[in-house]
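Here is the structure we will look at.
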């Protein structure tokens, strides 16, 4: 009884050894406290603790992403696969420097490329007009093939509007990336480069690539349906070249707004989808045509004006960003909508109508470039 009390104290249970009230004699107590037996008990106790109860030290592993922590929040629309590793910077504001420069640089390059594209497109249209006259004459004397599959495809393509033909390439790119998500061996690469996260090691390229990335079929179908519905209106307002510059820039700008919100709130997590860029398209059309009538899919009997729809969407995304709703990236939606409103109101005058100096420089470069024969013009 006396030795059991000492062992309990040795185990660290906080129980001090006391003399037994009954059931023991002075000789038993003296024998229990003898040096040889006490040392043997200590030795045996040490061996038992080492071999029987002490756990081996765990190997230190690098910290992985924790989907249950408050610092890591994942939307329900992103893939449930583990990212390689998240290491949020101890200086989170510094992580926004590279994305900021990338956003400004990419936006400038997008609009510059669109201006040059429009210049080349106008030149090619003049040339194709004369080529078309020659082609029509050849088709008149060439026997026509009836029921040709290629002819049916060309007929379908020619019946599309300019806006629908423009967004067809965007939809095809989204479908291709969606298929890549189905390849198990590519999921780590897809998470790294096709989802945007300010806590990731790769910050800049996902700002653009995530705009074409969808993991959920419903997410992709809903976004592409909205884009297809507004394609004719937005291309009629901006033109094909300017629309592409606005769409790509909107994807990067909305992702940067998402980065800022995640860093400010500390709720890191990957995001993906074209919703930010599509919100720019929707906001631009609703701002330009506020009295247009819109309806919800599957509920065509309920209609409302485009201006009221835009106000409701902005209010919902603002509430979601403030209250921390996690199903959508409300900061990206809000950033895309505000960019669309700003561009239609001010950006078109400030950016697109001041593209002439760049076009003149490009024209001079094309005019002064060497001919194919090697001489200069």
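Every residue gets a Cβ built from N, Cα and C, even glycine.
The transit peptide annotation in Swiss-Prot covers 1-52.
Per Swiss-Prot, the feature topological domain 'Mitochondrial matrix' maps to 53-99 (among others); the stated evidence is sequence analysis.
Look at Swiss-Prot and you will find 65 (among others) tagged as phosphoserine, backed by similarity to another entry.
Sequence annotations record features per position, and here Swiss-Prot assigns phosphoserine to 68 (among others) based on similarity to another entry.
For 100-119 (among others), the entry in Swiss-Prot reads transmembrane segment, with the evidence type sequence analysis.
Annotation source Swiss-Prot lists topological domain 'Mitochondrial intermembrane' at 120-165 (among others), citing sequence analysis.
What Swiss-Prot lists as transmembrane segment is 166-185 (among others).
Annotation comment: Swiss-Prot describes 186-205 (among others) as topological domain 'Mitochondrial matrix'. Averaged across the topological domain 'Mitochondrial matrix' (186-205), pLDDT in this predicted model comes to 92.
The list of residues near the transmembrane segment (206-228) in space but at least 6 beyond its ends in sequence, with Cβ under 8 angstroms from a Cβ of it, reads 77-79, 99, 102-103, 106, 164, 167, 170-171, 173-175, 177-178, 181, 190, 192-197, 200, 248, 251-252, 255-256, 259, 271-278, 281-282, 297. Under the heading transmembrane segment, Swiss-Prot lists 206-228 (among others), citing sequence analysis as support.
The topological domain 'Mitochondrial intermembrane' feature in Swiss-Prot is assigned to 229-242 (among others); the stated evidence is sequence analysis.
Annotation comment: Swiss-Prot describes 243-260 (among others) as transmembrane segment, evidence class sequence analysis. Distant neighbours of the transmembrane segment (243-260): 95-96, 99-100, 102-103, 106-107, 110-111, 113-114, 117, 163, 166, 170, 196, 198, 203, 206-208, 210-211, 234-235, 271, 274-277, 279-281, 284, 329, 331-336, 339-340, 343; these residues of the same chain sit at least 6 beyond its ends, with a Cβ under 8 Å from one of its Cβ atoms.
Annotation source Swiss-Prot lists topological domain 'Mitochondrial matrix' at 261-270 (among others), citing sequence analysis.
Sequence annotations record features per position, and here Swiss-Prot assigns transmembrane segment to 271-287 (among others).
Sequence-distant contacts (6 or more apart, same chain, Cβ under 8 Å) of residue 275 (active site, nucleophile) comprise 223, 254, 328, 329, 332, 333, 336. The active site, nucleophile annotation in Swiss-Prot covers 275 and rests on similarity to another entry.
Positions annotated as topological domain 'Mitochondrial intermembrane' by Swiss-Prot: 288-293 (among others). The list of residues near the topological domain 'Mitochondrial intermembrane' (288-293) in space but at least 6 beyond its ends in sequence, with Cβ under 8 angstroms from a Cβ of it, reads 233, 237, 303-307, 310, 344.
Per Swiss-Prot, the feature transmembrane segment maps to 294-316 (among others); the stated evidence is sequence analysis.
Highlighted: of the candidate stretches 100-119, 166-185, 271-287, 331-352, 271-287 has the greatest count of Cβ pairs under 8 Å to the transmembrane segment (294-316). With DSSP states grouped into helix (H, G, I), strand (E, B) and coil, the topological domain 'Mitochondrial matrix' (317-330) comes out at 8 helix, 0 strand, 6 coil. Look at the topological domain 'Mitochondrial intermembrane' (229-242): DSSP puts its residues at 13 helix, 0 strand, 1 coil. According to its DSSP assignment, residue 333 (active site) is helical. Per-class residue totals from DSSP over the topological domain 'Mitochondrial intermembrane' (288-293), listed helix then strand then coil: 1 helix, 1 strand, 4 coil.
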